Amino acid sequence: MKKLATFRARRWLCRSLSSISSNPLRVCVVGSGPAGFYSAEKMLKAHQQAQVDIIDRLPTPFGLVRSGVAPDHPETKIVINQFSRVAKQERCAFFGNVTLGSSISLSELRELYHVVVLAYGAESDRSLGIPGENLKGIHSAREFVWWYNGHPDGQNLKPDLKITDTAVILGQGNVALDVARILLRPTTELATTDIASHALATLEESSIRVVYLVGRRGPAQAACTAKELREILGIHNVDVFIQESDLLLTPADEEELKSNRIQRRVHELLSKAARSKPKHTSLNQRELRFVFFRKPNDFQESKDRAGHVSGVHFEKTVLQGVSHGKQIAIGAGKFEDIKCGMVLKSIGYKSVPVHGLPFDHKKGIVPNDRGRVLSDPSDPLVPEKGLYVCGWLKRGPTGIVATNLHCAEETVSSISEDLENGGLIPSSTLPKPGRDGLLQLVHDRNVRIVSFSDWEKIDSEERRLGSLRNKPREKLATWDELYKTTSQ
Ligand SMILES: Cc1cc2nc3c(=O)[nH]c(=O)nc-3n(C[C@H](O)[C@H](O)[C@H](O)COP(=O)(O)OP(=O)(O)OC[C@H]3O[C@@H](n4cnc5c(N)ncnc54)[C@H](O)[C@@H]3O)c2cc1C
Ligand SMILES: NC(=O)c1ccc[n+]([C@@H]2O[C@H](COP(=O)([O-])OP(=O)(O)OC[C@H]3O[C@@H](n4cnc5c(N)ncnc54)[C@H](OP(=O)(O)O)[C@@H]3O)[C@@H](O)[C@H]2O)c1
């Protein structure tokens with residue numbers, strides 16, 4: 001009885017708190033990608049008196065929807081309209097050019113806001129940890145994607161696509177397929193997309209004719225999805241090569257495929273492609289070669305160009321079951337080289353911690369219980385008060401845009417539960433400075449905030465420049481250009 005009364009009293013307190021407009025629930029979301037925007041949207045809807053500020057280290061919002069999704073996938077970017085409507089809500093504000101970890105620390109942010117939701121994604125790369133990984137000509141897919149998508153930190157990559165006719169891509173997920181498609185697709189088809197102009201110019205002069213997509217496991221385990229595979233197999237000037245013998249299924253593969261419809265479809269598409277004859281339709285014919293059961297052992301250095309990659313030394317693999325439905329690649333002790341002048345490592349993104357944030361380095365995520373940050377993962381009953389996580393930082397670097405919607409629903413429902421049951425009340429009953437405190441603090445540090453209306457200036461300038469070239473937009477791809485446009 002006493003428990004119920006306490007619960008009701010807390011619930012009342014929580015509701016009253018939410019209805020006092022002079023003391024709104026101050027929420028800060030870090031990161032303006034899908035996880036950030038979906039969290040903001042759900043918070044605004046669930047808590048009518050919540051005020052939500054979204055900060056991002058870039059002057060531009062939308063995370064990987066802008067700087068990850070491929071330029072030839074415009075339909076995926078339509079979600080930006082929904083995110084823009086969220087940013088323009090009265091109780092929401094976007095503050096670009098504010099970096100958690102340098103403009104403001106995590107402890108400062110937690111002092112300013114009742115609730116902090118970390119949704120800053122995964123801005124680093126898994127590494128292979130094998131000899132030669134630092135040779136010139138080897139890039140992570142993330143860097144390459146930033147480069148062709150006009151991310152201001154991707155401008156300096158300047159990949160040399162003229163010194164070689166062969167590129168090796170390590171990994172067979174959807175990002176690997178994206179970068180392979182950008183290398184292989186006729187540039188006439190890319191010219192009317194929002195690809196960065198520096199990338200288009202480099203691709204127009206590219207001498208790459210052969211692209212290898214190399215997986216450490218087999219075609220039954222390829223990490224890509226059917227729609228994306230069908231798209232690359234359908235590029236009209238590309239011949240596809242797959243060894244039919246690689247497609248033979250072991251009983252363990254059959255077992256895996258039984259429970260996975262997407263992988264079954266992928267396997268069917270690869271089998272069909274292996275049987276089809278090369279098209280040889282144009283003079284500008286290119287080759288896409290799928291290679292399975294090979295794991296990179298080391299990178300070889302060119303004899304003519306010191307410090308530059310000239311090939312990848314692979315170890316053949318066999319698969320071994322570790323648990324039901326899960327086979328891993330084991331080195332078979334036999335080796336083989338593929339000569340190439342460029343390597344793109346597409347083996348997954350990696351999140352990085354900021355000071356003071358609990359972090360599981362092995363999994364590359366913030367330990368959490370349904371979005372509640374845990375300093376001691378073995379004790380989910382004691383989460384960090386007011387600190388939550390969402391998106392790739394919460395789950396690891398997998399999932400499509402829509403996956404983050406469900407992820408945000410989970411995180412926001414944890415926040416709501418904590419508000420209802422009193423977990424947040426002792427601190428949230430006190431007024432917090434929220435937005436005013438943030439603005440004062442970053443102003444004192446000479447950080448130049450980019451508001452959503454500043455972003456709209458960038459947006460309209462990009463659209464204007466794009467219209468001159470029959471493109472949906474011409475991205476401003478340097479920090480200087482971005483800043484200049486916001487101050488006009
Ligand atoms: C190359 C690529 C292509 C993809 N293509 C598709 C596709 O076609 N369709 C699809 O459905 N999904 C696609 N995805 C998946 C989708 O983009 C992700 O699921 C989604 O973007 C993850 O959302 P997030 O908000 O967790 O991270 P992100 O989208 O990465 O957003 C993180 C945000 O945090 C900001 N940030 C980083 N560090 C800080 C900091 N210290 N302080 C402040 N802000 C910071 C970043 O600038 C960024 O805006 C793709 C992913 C990649 C990598
Ligand atoms: N169009 C779209 O919808 C789209 C486009 C791009 C990205 N995305 C999504 O974004 C997410 C991230 O994509 P992703 O391609 O970066 O990741 P991913 O799907 O996890 O693929 C990673 C690939 O790297 C391989 N790999 C990992 N470690 C390796 C190592 N040490 N050596 C060799 N190979 C290694 C994996 O092989 P194993 O399987 O053997 O581990 C796998 O082939 C995915 O969920 C993807 O679907 C979607």
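Cβ atoms here come from the backbone N, Cα and C positions, even for glycine.
Automated prediction, rather than curation, is the source of TrEMBL annotations.
Remember, predicted model here, so these are calculated numbers, not experimental data.
Look at TrEMBL and you will find ALA35, LEU64, LEU100, TRP392 tagged as FAD binding site. DSSP assigns LEU64 (FAD binding site) to a helix in the three-state reduction. There are 24 other Cβ atoms within 10 Å of the Cβ belonging to LEU64 (FAD binding site).
The feature NADP(+) binding site is assigned by TrEMBL to GLN172, GLY173, ASN174, VAL175, ARG216, ARG217, GLU228, GLY399. DSSP assigns GLU228 (NADP(+) binding site) to a helical segment in the three-state reduction.
Annotation comment: TrEMBL describes 26-189 as domain 'FAD/NAD(P)-binding'.
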Completion exercise
Same chain, |i - j| six or more, Cβ under 8 Å of GLU228 (NADP(+) binding site); the result in sequence order is ASN174, LEU177, ASP178
Handout entry: Reported mean pLDDT - the domain 'FAD/NAD(P)-binding' (26-189)
Key = 97
Exercise for the section: Fewest other Cβ atoms within 10 Å: which of the binding-site residues ALA35, LEU100, VAL175 wins that one? Let me know. Expected result: LEU100
Practice task
May I ask which of the binding-site residues ASN174, TRP392, GLY399 have a CB within less than 6 Å of any atom of ligand 2, listed in sequence order?
Solution key: ASN174, GLY399
Exercise for the section: Please tell me which one of the binding-site residues listed here (ALA35, LEU100, TRP392) sits closest to ARG216 (NADP(+) binding site), measuring Cα to Cα? Expected result: TRP392
Exercise for the section: Identify, among the binding-site residues GLY173, GLY399, the residue whose Cβ has the fewest other Cβ atoms within 10 Å in this structure. Expected result: GLY399
Completion exercise
Distance filter, Cβ under 6 Å of ligand 1; input binding-site residues GLN172, GLY173, VAL175, ARG217, GLU228, TRP392; output VAL175, TRP392
